[in-house]
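**Q** The structure under discussion is supplied below as structure tokens; questions concerning it will follow.
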Amino acid sequence: MREVITINIGQAGCQLGNKCWELFCLEHGIQPDGTAIANSNEKRSVITGGIDTAYNAFFQELQNGRHVPRAIFVDTEPTVIDEIKTGEYSGLYHPEHLICGKEDASSNFAKGKTGYEPLLNQTMDAIRKATENCTGLQGFFIYNSVGGGTGSGFTAALCEKLADKYTKKTKLNTVIWPSPKLSSGVVEPYNAVLNTHAMMKFVNCTFMVDNESIYKICQKQLGVHSPSYFHLNQLIAQAMSSITASLRFEGTLNVDLNEFPTNLVPFPRDHFAMMSYAPIVTPEKAIRQTLSVQELTSSLFDPNSLMIQCDDINKGKFMSCCMMYRGDVSSREVNLAVSGIKKQNTVPFVGWCPCSFKCGINSQPATAVPGSSYASTARSACMIANHTAMCQVFQKVNQNFDLMFGKRAFVHHYVGEGMEENEFTDARQDLYELEVDYANLALDNTIEGESMTAQ
């Protein structure tokens, strides 16, 4: 068995993680107390054509028949963890995997990174115990926001320890990136830059989403006038469900955890990917509208479907692209859809990389949580792509960082937690280089020029 352990950190990471596990349980026929719904495995076997035990990669099955998520939830203060402990799925998780401190990190990266050594050790101990229940650990899926102190600082400290202890295991990271128009804290640009710099060597691939993009999707495509974090997390969870479906269900063209960085990351530093999901439709619209595989594929490349805000994606080029299809989809239909995209020349790839699409198909259709604003459909798809337009994402946060750091605003809060001012300049320089890297990768002579220089 190739197990995956998910680690949910901070308020955003824990709330998103809880939504993901709610959806996973529905998809696998597991009730909120961890018991399996009668005949749920047989139903999955009919769809996949065999005995479906792949879900054990994400769930540990106990001797009493209960299924426990291979998941750790950690926050520096108890509010969100207490909500999970008293919520509908309180009986699902292992009690020792719901970890919290007593005081939050005050939206301060430095405090989150260095101020919680006992909590860090407790979390690493829980991870160690979780790995001992694995027969062949693939790696880790980490959920966090980089705007807050815990999500940025504590995540960086934890990933440093994970990289040291589990060096050869794959580490994937789903990051909620700061949105200037939906900011929850003025120092978010500091935390985002410091976290990205600190995590650069510790994560193999990062999936980027921001609340502003999800907010717009909820408004335009679902008609939710004032979306809450509840709506946003449900939508992100649906995308994460599609990304992990090949790990949790038996099916054709399965994607292994290690294949994400292999197929998405051309160079170790440039490991930041954007996501899109389709279709996002209301239950009323789903009854009237069924997209073909060709239409589904085309909608993935619509800028309005992207879950990260780019000023103009058409100014950049694709370096790599993974598409995960679910439900009533055949390999032939996918091949025809991809061929159609290539012929239209509307999806530009960099000249130094072959125009290749990594496609995965899973026959298990997506599931909608009862009462949610979006509907489950017969077929759906999710795209993850490494695109040179990511330079625009880093440019925005770098500019906002500079506006504050030029006046040394709020820097004393970080210095008071043990940081030095030069750590800000080092991190900012690193993000500038990352921004330039992504911009230069759009130039078709990038690799040729580098190889000529090397010779």
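Cβ atoms are placed via backbone N, Cα and C, with glycine included.
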**Q** The GTP site in Swiss-Prot lists Q11, E77, S145, G149, T150, S184, N211. Which one of N121, N233, N258 belongs there according to the record?
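**A** Candidate listed by Swiss-Prot for the same site: N233.
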**Q** Check the binding-site residues Q11, S145, T150, S184, N211 for other C-beta atoms within 10 angstroms of each C-beta and report the one with the most.
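**A** Buried the deepest by this measure is T150.
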**Q** Sort out the sequence-distant neighbours of N233 (GTP binding site) for me: same chain, 6+ apart, CB within less than 8 Å of its CB, listed by position.
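**A** Spatial neighbours, sequence-distant, of N233 (GTP binding site): Q15, L16, K19.
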**Q** If the GTP binders are Q11, E77, S145, G149, T150, S184, N211, N233 per the record, what's the largest distance between their Cα atoms, in Å?
**A** 22
**Q** Please work out the number of neighbouring Cβ atoms within 10 Å of the Cβ of E77 (GTP binding site), leaving out its own Cβ.
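**A** Other Cβ atoms found within 10 Å: 17.
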**Q** In whole Å, how far does the CA atom of N211 (GTP binding site) lie from that of E259 (active site)?
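**A** About 27 Å separate the Cα atoms of these two residues.
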**Q** Could you check what DSSP calls E259 (active site) once collapsed to helix, strand or coil?
**A** helix
**Q** Which of the listed recorded positions (G149, E259) has the least company, meaning the fewest other Cβ atoms within 10 Å of its Cβ?
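**A** Per-residue Cβ counts within 10 Å for the recorded positions G149, E259 bottom out at E259.
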